[in-house]
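For reference, Swiss-Prot has these:
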- P18, M19, E20, K143, N208, G209, D210, G232, R233: FMN binding site (BINDING)
- C105: active site, proton donor (ACT_SITE)
Amino acid sequence: MKENFWSELPRPFFILAPMEDVTDIVFRHVVSEAARPDVFFTEFTNTESFCHPEGIHSVRGRLTFSEDEQPMVAHIWGDKPEQFRETSIQLAKMGFKGIDLNMGCPVANVAKKGKGSGLILRPDVAAEIIQATKAGGLPVSVKTRLGYYEIDEWKDWLKHVFEQDIANLSIHLRTRKEMSKVDAHWELIEAIKNLRDEIAPNTLLTINGDIPDRKTGLELAEKYGIDGVMIGRGIFHNPFAFEKEPREHTSKELLDLLRLHLSLFNKYEKDEIRQFKSLRRFFKIYVRGIRGASELRHQLMNTQSIAEARALLDEFEAQMDEDVKIEL
């Protein structure tokens, strides 16, 4: 194996969760500007497309990263071990520091085809995939859920995953069936850690689910002794979620992050052509807590270009009464 960056991380370490159509190079740089985590994962990259001579062009932009983001982990999904083997070899050549396997995506057209969380029901295939991915020489990690249908599935499923000798397990503390409709099962963290200690003491354990910020993550790490904390949806509520010393933030800071997001979208669109409308999911992160925020969000949702969005921001900020402190 090439150098295992996981062993060099602080304890606990913090990771921005991989999120489809969210954690591209643009948003990762915005998060870095606000308060960066210790590790970044890419968006989801399909191994079948990556291995296809034509499909590679449709996914290459998902793997775009810059050296200042290191350690960078490629998050990949599929169900054909040989494709994982081939992909892992190429990812190592591209400069990634690790590979993370998606065994937790709950989306129906993924899971019901035996991919993502569907691999929970195919443990033998999951094991083959893990071993095949080691061909690239990078440390292999897994992101998964407690089970597919029932919470109690975690015992057999996670035991099986721990037996595969992986670098890190990120466990989303819900089942596939639960999606994100119920509270994450923090009450299971201690038992999962005990299982890890028994089966694979050298595998790092990262928890995920309902963790809004670094402060909460530190409290959980102190209580349970886990190695890492992964924050996903919490970043939408607080782009400063990874801040080491929390402080008050203002509406101007959030709007400045939006301007940065727009600029980076322009900069990197040559690497992966994305329609402008893909930006709309982010506006609610930056525009809130000030007079006129609702109307500005509505107007931004109807813009068709970076130039239009910037013009709206210029007009809005010129009329702002004051820089308001924001509750995050």
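Every residue, even glycine, has its Cβ placed from backbone N, Cα and C.
Secondary structure from DSSP puts P18 (FMN binding site) in coil.
The residue listed as 'active site, proton donor' sits 10 Å from E20 (FMN binding site), counting Cα to Cα. Taking the binding-site residues E20, D210 in turn, the residue surrounded by the fewest other Cβ atoms inside 10 Å of its Cβ turns out to be E20.
For the recorded site, N208 (FMN binding site), the DSSP three-state label reads strand. DSSP assigns C105 (active site, proton donor) to coil in the three-state reduction, outside any helix or strand. Within 10 Å of the C-beta of R233 (FMN binding site) there are 14 other C-beta atoms, taking all protein chains into account. Binding of FMN is attributed in the record to P18, M19, E20, K143, N208, G209, D210, G232, R233, and the widest Cα separation among these residues amounts to 18 Å. The Cβ of N208 (FMN binding site) has 23 other Cβ atoms within 10 Å, all protein chains considered. R233 (FMN binding site) falls outside any helix or strand according to DSSP and counts as coil. With every protein chain in view, the residue among the recorded positions P18, C105 whose Cβ has the most Cβ partners within 10 Å turns out to be P18.
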